[in-house]
Each structure stands twice: as structure tokens, then as C-alpha cells.
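Pasting a structure here, questions to come.
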Amino acid sequence: MAEAGHSQHFLDPEVDALPPDTVSLSDSDSDLSLPDGVGVDALSPGGLPGEASGDSGPDEPPSPPRGLPTEAVQPFHLRGTSSTFSQRSHSIFDGLEGAARRAVPAVTPASPGDGGGFQQLLTPSSQPAAGVPGRAAGSPAAQRAPPVPDYVTHPERWTRYSLDDVAEASEQSNRAAALAFLGPQNLAAPGNYMPSFNQDPSSCGEGRLVFTKPTRASEARPDRKRVSRKVGEPGRGDPGVPGAAGGEGPVELAHLARPGSPEAEEWSGPRGGLQEVGASAGVAHARPGSSPPLVETVGFHGSKKRSRDHFRSRGGSPEAPGAEL
């Protein structure tokens, strides 16, 4: 009875007076409800099983679900609308029917609690259907054959190598082969082998060139070495022998003393003075059994002349001659 009331509501004559251009389908429409005067021929391609049986009672079992829709079933169609709306609805449902035909023909029956009248199609897989010959024939990848390798087309350009007759080698076999190769090489080396110049690989380094700093001419001739010291000053080598080795004395300015001054008399005495002592003089003054001196001592002589009037004697007074200002 509820379905009869809905059909009466759809046949309300007030909606028939509306102009046909007022009904349109667009994305911006907020109210997607159908007008009251629009009639529905079929709600689905297969139709509802409950409606096809007419006014069936609630005690009657529902009819079993049918298979996929056939081509004889009319598509979804609305009556009482404008031509623009009809064309749009036809194009939409034609696209849906085309997508359903291209889908995988596997269906899952609905559960009995859902009414038993609806059929759910499985989601089509991402892989293209294998049973569609048009798509496979039109794809360029299926028509293109794999390229022939160059060594098959032009075998004269290639050289074939095979390792079938080569035995697999291990670490022990590699070591044995290396020792067998190096053995004759060591025996073939000559026994009287001499290394090249300055290339002795031994640790002793016999015949190696040693570079040293050259000595000076004065260091190369120690007999001409001159040191200044007092004659009669005991040396460190032999305290009793004057002029012994290691007995260098302080440098004095006795050569600047004036004649007749106390410094000149002191330096001209028997125990002091400036004189050149040779190797023979050292031997003459040396005691019996003592070693001769290794160096000779001479006085210090300056190369620049200095006036002796500017030097004051050690025991002199300002009244002494030569001390006037």
C-alpha cells in the first residue's frame, strides 16, 4: 500500500504545469530530488524481483537472484522531463552500462538478509581483461617483436669463449701454481749478483756514500792554530808545564802599554810577557817524561792603530805625565 501512495504522489497534476526548461541537471544543484510529475520506468537494468512479481505477500519467498542483465532490458529512463535532462541521463547511464560490460564477469550473490534482490559486481582489476581481443590487438607492445641480438645476426663479429674445459680453482691450487712459477725464477738468478751503485739492500750498508759537512782550512791544519795566553800559566793538561794543551789564558791589552809603564815592565818580566812560543820551545821547557804541547800560544795583536795617550796607567795619578787634559 505504501508503494501505491508513492505512485499517487508522483502523479500530482500541479507539477505538470511547470515549463520543461525549469528542470535541469547540473553539479551546482543542491536539491537532487526528482519533480513530482516524473515517472520512472525502471529503477535498475534488471529490475527489482519484488516489484516484478506484483503485489506479493510477505509470506511468499523471494524469487532467486537472476544473472547479469541482457541486451533486451531497457535502460534507465525518466518520463515527463525536458529533452536536455533526458539526453544527459541517457549519456550517463550509457557510460555506466559500458563500464559494466568491460568489468570482470564475476559476481557475488548478496546475503539473504539484504533482501536477496540485489547483485554486487566485483571491482574490476587493474590488469586488462585477457578475453578482450580488440585491446590486445590494438596495443603496440603486443605487435612489436623482440629485437634479434647482434651475435645471432652477425656471428662473425663475435668470438665465443667457453669455460667448460676449465677446472674450478681453489686457494690451495692458486698458491701451488704461484710457487711453481716462482721456483724456477729464483733458481735462475745469478749467484754473483752485484747491486747497482749505492743501491745495496742489506742492512749494514757497506759501500754506502756518506755525505758530511766539509771542514774549514783552519780546522784542517791544527798546527797553525793560534791561542792567546800568558807564558808560564799552568795548563789543564799538565799543571807543571807552561803552554800545555787546554791551558788557554785570558786576553790582555798589554801591547797598548807605553814603554816605561808598570804594565810594560810586568809583561816584560821573566814570568810574563807576550812572545811566540813554538813547538820546539814547548819541548825545551817541558819536564823530562812530559808530553809536548799540542798548540802554540802567541800574543794578541790588533789590526787598528790606537793612540796610547788615551790610556791611563794602572798605578798612575792625574799628575803623571801624559794625563793632562
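Cβ atoms here come from the backbone N, Cα and C positions, even for glycine.
Just lifted these from Swiss-Prot, have a look:
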type: REGION; residues: 1-153; note: region 'Disordered'
type: COMPBIAS; residues: 18-36; note: compositional bias 'Low complexity'
type: MOD_RES; residues: SER56; note: phosphoserine
type: MOD_RES; residues: SER63; note: phosphoserine
type: COMPBIAS; residues: 80-90; note: compositional bias 'Polar residues'
type: MOD_RES; residues: SER82; note: phosphoserine
type: MOD_RES; residues: SER91; note: phosphoserine
type: COMPBIAS; residues: 101-110; note: compositional bias 'Low complexity'
type: MOD_RES; residues: THR123; note: phosphothreonine
type: MOD_RES; residues: SER139; note: phosphoserine
type: REGION; residues: 146-182; note: region 'Hom3'
type: REGION; residues: 192-325; note: region 'Disordered'
type: REGION; residues: 197-246; note: region 'Hom4'
type: MOD_RES; residues: LYS213; note: N6-acetyllysine
type: COMPBIAS; residues: 237-249; note: compositional bias 'Gly residues'
type: MOD_RES; residues: SER261; note: phosphoserine
type: COMPBIAS; residues: 302-313; note: compositional bias 'Basic residues'
type: MOD_RES; residues: SER317; note: phosphoserine
I need the CA-to-CA distance for SER82 (phosphoserine) versus LYS213 (N6-acetyllysine), whole Å please.
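A Cα-Cα distance of 120 Å.
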Just the number: how many Å between the Cα atoms of LYS213 (N6-acetyllysine) and SER91 (phosphoserine)?
109
Translate the DSSP assignment of SER91 (phosphoserine) into the three-state scheme.
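DSSP assigns SER91 (phosphoserine) to helix.
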Under the DSSP assignment, what numbers of helix, strand and coil residues are found in the region 'Hom3' (146-182)?
19 helix, 0 strand, 18 coil
Would you mind giving the whole-number mean pLDDT across the region 'Hom3' (146-182)?
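Taking every residue of the region 'Hom3' (146-182) together, the mean pLDDT is 90.
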Using DSSP, break the compositional bias 'Basic residues' (302-313) down into helix, strand and coil residues and give each count.
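Going through the compositional bias 'Basic residues' (302-313) residue by residue, I get 3 helix, 0 strand, 9 coil.
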Could you tally the C-beta atoms, other than its own, that fall within 10 angstroms of the C-beta of the residue listed as 'N6-acetyllysine'?
5
Comparing the modified residues SER82, SER91, which residue's C-beta has the most other C-beta atoms within 10 angstroms in this structure?
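The residue with the densest Cβ neighbourhood is SER82.
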